[in-house]
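Asker: Okay, here's the structure, questions in a sec.
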Amino acid sequence: MDKGLHFMFCVITTMLLLRESSQTGEKNDPKMLAASKSDSRGPGEGLPTLTVTTILEDPYVMVRSAELEGYCIDLLKALAAMLHFSYKVKVVGDGQYGAVSSNGNWTGMIGEILRQEADIAVAPLTVTSAREEVVSFTTPFLQTGIGILLRKDTVSQEMSFFHFLAPFSKETWTGLLFAYVLTCFCLFLVARLSPCEWNEPKNDENHFTFLNSLWFGAGALALQGVTPRPKALSVRVIAAVWWLFTIALLAAYIANFTALLSSGSEQLPIQTFEDLVKQRKLEFGTLDGSSTFYFFKNSKNPTHQMIYEYMDKRRDQVLVKTYQEAVQRVMESNYAFIGESISQDLAAARHCNLIRAPEVIGARGFGIATTQASLWTKKLSIAVLKLRESGDLDYLRNKWWETSCLHKSRDRWSPLQPQALGGLFLTLAIGLALGVIAAVVELSNKSRHAAGHVKKSCCSVFTEEMCTRLRIKENTRQSQETSGRANA
């Protein structure tokens with residue numbers, strides 16, 4: 001009797017241990033996570049229970065502490081609360097989104113819905129015409145497109161020979177050159193008109209020739225003191241304003257040039273899909289069997305057809321199985337990943353050495369898939385619209401797209417435009433005008449005094465002084481010729 005009880009006790013203990021081990025294995029397997037971990041409401045409360053298929057992709061669905069969480073899980077909880085249903089979540093068995101296989105059957109989440117292994121699919125599942133023919137989709141809960149994910153050091157452009165000109169735009173450099181020539185001309189003109197700078201044109205020598213004025217302006221640009229030094233107030237006004245202009249200009253140039261070197265945001269050589277096709281340095285591909293692959297297959301665009309032919313011929317080399325594999329390959333090799341732009345933005349934010357090319361094509365959306373005869377399609381669509389109108393979808397987007405690399409990102413650098421220096425150019429123009437006016441006033445005062453001595457009108461003396469100072473070289477040449485004839 002004792003032996004029989006002992007045997008029964010051993011059998012019961014063994015069965016309990018095996019059952020506990022089986023349950024532990026199910027908990028550790030993300031594909032077997034059920035509603036008990038996902039939703040507190042069970043079938044016992046009389047609520048309809050939906051089987052939800054999804055796919056592991058950061059940040060939509062992730063496994064943390066033996067539970068599923070992410071954007072799609074939060075969206076599913078919000079929909080369940082609004083429509084009063086319970087659910088159990090299963091990860092798709094083959095790890096595929098859904099495409100037609102060689103035997104004509106659908107794979108992935110679409111296949112599970114068609115085989116009635118799941119009622120709905122809540123995942124980053126793109127709405128396409130081929131999928132819409134076999135299943136029904138709700139209103140998209142996220143909008144996206146097709147972009148190119150690259151590693152920064154694989155696409156970094158070598159600095160050009162004239163890279164030092166990059167801090168300013170072409171318009172700014174043109175304006176700077178014009179301002180420099182105009183200022184030097186004003187220096188030359190005012191120095192000739194001002195009696196304080198050049199009292200006796202027939203006897204004195206004016207040091208502010210046009211070439212010397214150009215040299216004076218260039219010296220100020222380099223923050224170097226050069227001769228000749230101005231004497232008249234009018235010339236000093238122009239010189240002081242030009243010095244102020246050059247100091248502010250150099251400060252803007254140095255700051256912008258430093259930002260250019262440190263930001264690493266030079267113009268990417270791969271801006272578009274056409275650039276990607278033309279280059280030979282990078283391999284490029286997408287997810288095998290994804291909607292992106294079939295987008296290029298069905299597109300009539302010549303560039304898109306070239307991309308599809310490249311990927312189809314090198315299917316084993318360039319197509320990847322999962323999104324995580326794609327990001328890892330971009331980071332570790334010369335590979336460009338073509339995929340959903342919204343997911344690429346997240347990868348570029350979390351991995352600071354990644355960047356997404358500017359062009360995005362094929363605007364599309366992520367929707368919830370259901371069976372075609374399902375009564376849940378319209379209910380879920382209305383619920384998604386309500387969540388969008390209330391701002392809950394924006395909240396979820398901000399919650400799950402918050403990244404650790406965000407604080408390290410820098411603003412995109414751009415050349416300094418003339419509008420940014422508009423006030424500086426205006427100040428220079430006002431200074432030049434004041435300098436010319438001051439020179440005219442100085443010459444007028446001298447002409448007024450001279451008119452009293454020679455008993456001529458002030459205007460005639462002023463005109464003679466102007467002509468003498470502006471044609472001094474011609475007058476000197478004529479006087480030299482006259483003296484030469486007299487000596488002969």
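For all residues, glycine too, the Cβ spot is worked out from N, Cα and C.
Per TrEMBL, the features are:
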- Pro124, Thr126, Arg131, Ser291, Thr292, Glu340: L-glutamate binding site (BINDING)
- Cys352-Cys405: disulfide bond (DISULFID)
- 49-403: domain 'Ionotropic glutamate receptor C-terminal' (DOMAIN)
- 59-115: domain 'Ionotropic glutamate receptor L-glutamate and glycine-binding' (DOMAIN)
- 22-47: region 'Disordered' (REGION)
- 1-24: signal peptide (SIGNAL)
- Lys297: site 'Interaction with the cone snail toxin Con-ikot-ikot' (SITE)
- Lys386: site 'Interaction with the cone snail toxin Con-ikot-ikot' (SITE)
- 173-195: transmembrane segment (TRANSMEM)
- 207-226: transmembrane segment (TRANSMEM)
- 233-255: transmembrane segment (TRANSMEM)
- 420-441: transmembrane segment (TRANSMEM)
Asker: Which one, 173-195, 207-226, 420-441, has the most C-beta pairs under 8 Å toward the transmembrane segment (233-255)?
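Answerer: Answer is 420-441, with the largest number of Cβ pairs below 8 Å.
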Asker: Can you work out which residues elsewhere in the same chain, 6+ from the ends of the transmembrane segment (207-226), have a Cβ less than 8 Å from its Cβ atoms?
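Answerer: For the transmembrane segment (207-226), the list is 180, 183-185, 187-188, 191-192, 197, 235, 239, 242-243, 246-247, 249-250.
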Asker: Residues near the L-glutamate site, Pro124, Thr126, Arg131, Ser291, Thr292, Glu340 excluded, by Cβ within 8 Å of the Cβ center?
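Answerer: Neighbours within 8 Å of the Cβ centroid, excluding Pro124, Thr126, Arg131, Ser291, Thr292, Glu340: Tyr97, Leu125, Val127, Thr128, Thr144, Ser290, Arg364, Phe366.
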Asker: Can you give me the Cα-Cα distance between Lys297 (site 'Interaction with the cone snail toxin Con-ikot-ikot') and Ser291 (L-glutamate binding site) in Å, rounded to a whole number?
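Answerer: Distance between the two Cα atoms comes out at 10 Å.
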Asker: With every protein chain in view, how many other Cβ atoms are within 10 Å of the Cβ of Arg131 (L-glutamate binding site)?
Answerer: 26
Asker: What does DSSP give as the helix, strand and coil breakdown of the domain 'Ionotropic glutamate receptor L-glutamate and glycine-binding' (59-115)?
Answerer: 20 helix, 15 strand, 22 coil
Asker: Which value does the mean pLDDT take for the domain 'Ionotropic glutamate receptor C-terminal' (49-403) in this predicted structure?
Answerer: 85
Asker: Find the one among the binding-site residues Pro124, Arg131, Glu340 whose C-alpha lies closest to that of Lys386 (site 'Interaction with the cone snail toxin Con-ikot-ikot').
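Answerer: If we rank Pro124, Arg131, Glu340 by Cα distance to Lys386 (site 'Interaction with the cone snail toxin Con-ikot-ikot'), first place goes to Pro124.
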Asker: For the recorded positions Thr126, Ser291, Lys386, work out the Cβ neighbour count at 10 Å and name the residue with the minimum.
Answerer: Lys386
Asker: Return the maximum Cα to Cα distance in Å (whole number) over the record's L-glutamate-binding residues: Pro124, Thr126, Arg131, Ser291, Thr292, Glu340.
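Answerer: Roughly 17 Å, rounded to the nearest whole number.
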Asker: To the nearest whole angstrom, what is the C-alpha distance linking Glu340 (L-glutamate binding site) and Cys352 (disulfide bond)?
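Answerer: One finds 18 Å between the Cα atoms of these residues.
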Asker: List the Cα distance (Å, whole number) between Pro124 (L-glutamate binding site) and Cys352 (disulfide bond).
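Answerer: It is 23 Å, counting Cα to Cα.
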Asker: Note down the number of other Cβ atoms within 10 Å of the Cβ of Thr292 (L-glutamate binding site), including every protein chain shown.
Answerer: 24
Asker: Determine, to the nearest whole angstrom, how far the Cα atom of Cys352 (disulfide bond) is from the Cα atom of Thr292 (L-glutamate binding site).
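Answerer: Distance between the two Cα atoms comes out at 25 Å.
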